[in-house]
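What follows is a short report on a single structure.
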Amino acid sequence: MSWIGKIMSWQISRESEDTSNLVDSENLGCLESQDYVIESNSVVMKEKKISDITLSQASWIGSLMPMLALPGGFVGGSMIEKIGRKATIEFSAVPFATAGLLIALAPRIEMIYLGRMLQGFSIGALSVAIAIYLAETTHNSVRGTLAMLPAVFGCLGILLCYALGTFIGWRPLSAVSSLLGFVFFIFAHFLPQSPHWLITKGRRDEAYEVLTSLRRQRFNVHEEIMSIEISTTVDRTSCNYGSLIEPRNVKSLGICILLMLFQQLCGINAVIFYSASIFKDAGSTLDENVSSIIIGVVNLVSSTLAAVFIDRVGRRPLLITSCLIMSLSLLSLGGYFYLKENDPVNMARVGWIPLLLLMIIVGSFALGLGPVPWLLMSEIFSSDVRASASAVAVAVNWSCVFAVTKVFPTLVAKFGSYLMFWSFAVVCSFGCFIIVLIVPETKGKTLEEIQNELNTDLSGTDSRDVTASQTVNESSSNGHINQVIVSECDNLSLESD
């Protein structure tokens, strides 16, 4: 485990014993990071040993991954219900590892395309499985921090790949990606099952053992098991996409889709994927590799800060702060390019401005708008639609990634850089307004409590039969369980047997 992993492990272990997922989170983050580096035109075009890669081919190399992540998310959403969260994570590592080998050994561009498609499918499935798995296995007091670890280690992986990219080409990087995929598969085998999934399958004793192992006597496992049992019993219907349009799910789905749209339409992927071109067009004198490494460091630092503060200040403050800073920075970046177009001589003297603004944009994105929507996706849905809703959210997200990656160069050529960045600034401003209005705060709340509040806000009274779950939470503060709840959970236990 890297030095940052050790620091994070030490810090979190002081607050909770839910540290069994740390190593796997690190592997997942580094696994995904290679994708972002390959999607940078500067990296793809550095080594042309297959043939001369055209700009169109480089564009497809960057966009095939998000395009195949879309069906991967739907397949992953179905798999986590049928074979479980853990098995889905294991399964998804195999095509990713295979894809890395295909790309590293590719004699023709078509094999790179195939590798990118396999990577996209795998990442799409993992996007659903990992988020839900972490939400269901971690305690609510540190759920935000632990769920942010894949983002932190992903930023670490991006930084390492940027650094390695100054010395080696994309083939060795792809080989490293393949190796990480196999390592990830091995570590995933030792992960515990999700207690929520075990209970839905009637395996209550196994769920109790898993929670006891994760919590290490620091929390009341019996109460947590009963709360999960009651919520999953209330939600025990067949998982289908039609349930998403029911009144109790529409608000959560709308919030999640809007957050995913804001996350991608804020222009972050356009900024990162084409950072080398932005520096070149801006007339910056800094080497593109140095610029990328600086941005990678900022990305890592901001993600680490987000993981540290997510369970202290909450989700909403980080999202709002992130959107506000990004909006102002994108507005300024657009202004720079506008002035450069009209007065290139004088603006060439301040070529450091785009680097500074890009650092602020990337840092503010990593602080909130980047990781928090994925965390909320795993928190705000009821157990019966969590998988299908997450699949829809992932599909929306990766569709936007594909569209922005594919269309951004064309739009810049047609309308100019400054208009595009101003458009992204408008999206961030509108996103901030929507977040203030409708996004709930989930800090320190159990998944069941979040559902209770969402349904109460929707109808004025709780629209679901959650009285038992609420009583469990209320009675826990008094140190005893209400007898009515004990009787109800005993009946549920007999049914599962």
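A Cβ is built for glycine as well, from the same backbone N, Cα and C atoms used for every other residue.
TrEMBL labels come from automatic prediction, so no person has curated them.
Note that the structure is predicted; figures quoted are calculated from it, not measured.
Look at TrEMBL and you will find 1-443 tagged as domain 'Major facilitator superfamily (MFS) profile'.
The feature transmembrane segment is assigned by TrEMBL to 58-80 (among others).
According to TrEMBL, the transmembrane segment annotation covers 87-106 (among others).
The feature transmembrane segment is assigned by TrEMBL to 112-134 (among others).
Among the features that TrEMBL reports, transmembrane segment is placed at 146-167 (among others).
The transmembrane segment annotation in TrEMBL covers 173-191 (among others).
The transmembrane segment feature in TrEMBL is assigned to 253-278 (among others).
According to TrEMBL, the transmembrane segment annotation covers 290-310 (among others). Residues 4, 8, 11, 40, 42, 144-145, 148-149, 151-152, 154-156, 158-159, 162-163, 165-166, 272, 275-276, 279, 284, 318, 355, 358-359, 362-368, 370-372, 375, 443 of the same chain, all 6+ positions outside the transmembrane segment (290-310), place their C-beta atoms under 8 angstroms from a C-beta of that stretch.
The annotation transmembrane segment is assigned in TrEMBL to 317-339 (among others). For the transmembrane segment (317-339), same-chain residues at least 6 beyond its ends with a Cβ under 8 Å from one of its own Cβ atoms are 259, 262, 266-267, 281-282, 306, 309-310, 347, 353-354, 357-358, 360-361, 364-365, 367-370, 372, 416-422, 424-426, 428-429, 431-432, 435-436, 439.
Residues 127, 131, 135, 143-144, 147-148, 151, 155, 255-256, 259-260, 262-263, 266, 268, 271-272, 275, 278-279, 282-286, 291, 294-295, 298-303, 305-307, 310, 315, 318-323, 325-326, 329-330, 332-333, 336, 397, 428, 431, 439, 442 of the same chain, all 6+ positions outside the transmembrane segment (351-376), place their C-beta atoms under 8 angstroms from a C-beta of that stretch. The annotation transmembrane segment is assigned in TrEMBL to 351-376 (among others).
Under the heading transmembrane segment, TrEMBL lists 388-408 (among others). Residues of the same chain lying 6 or more positions beyond the ends of the transmembrane segment (388-408) and with a Cβ under 8 Å from any Cβ of it are 39, 59, 62-63, 66-67, 69-70, 72-74, 76-78, 120, 124, 127-128, 131-132, 239-241, 243-244, 249, 252-253, 256-257, 260-261, 263-265, 267, 269-270, 273-274, 373, 377-378, 381, 420.
Annotated transmembrane segment per TrEMBL: 420-439 (among others), in sequence order. Long-range contacts of the transmembrane segment (420-439) within the same chain, counting only residues at least 6 positions beyond its ends with a Cβ under 8 Å from a Cβ of the stretch, are 251, 254-255, 258-259, 262, 265-267, 270, 315-316, 319-320, 323-324, 326-328, 330-331, 333-334, 337, 369, 376, 408, 411-412.
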Open item on the list: With Cβ-Cβ distances below 8 Å as the criterion, list the same-chain residues six or more beyond the ends of the transmembrane segment (58-80) that contact it, or say none.
Closed with: 35, 38-39, 41, 44-45, 87-88, 91-92, 112-113, 116-129, 132-133, 197, 273, 387-388, 390-391, 394-395, 398-399, 401-402, 405-406, 409
Open item on the list: Checking distant contacts: for the transmembrane segment (112-134), what same-chain residues at least six beyond its ends satisfy Cβ-Cβ under 8 A?
Closed with: 21, 25, 28, 32, 35, 38, 50, 60-61, 64-77, 79-80, 85-86, 88-89, 91-96, 98-103, 106, 143, 146-147, 150, 174, 177, 191, 194, 374-375, 377-378, 386-387, 390-391, 394, 397-398
Task: Local confidence of the domain 'Major facilitator superfamily (MFS) profile' (1-443) - pLDDT mean - done: 80
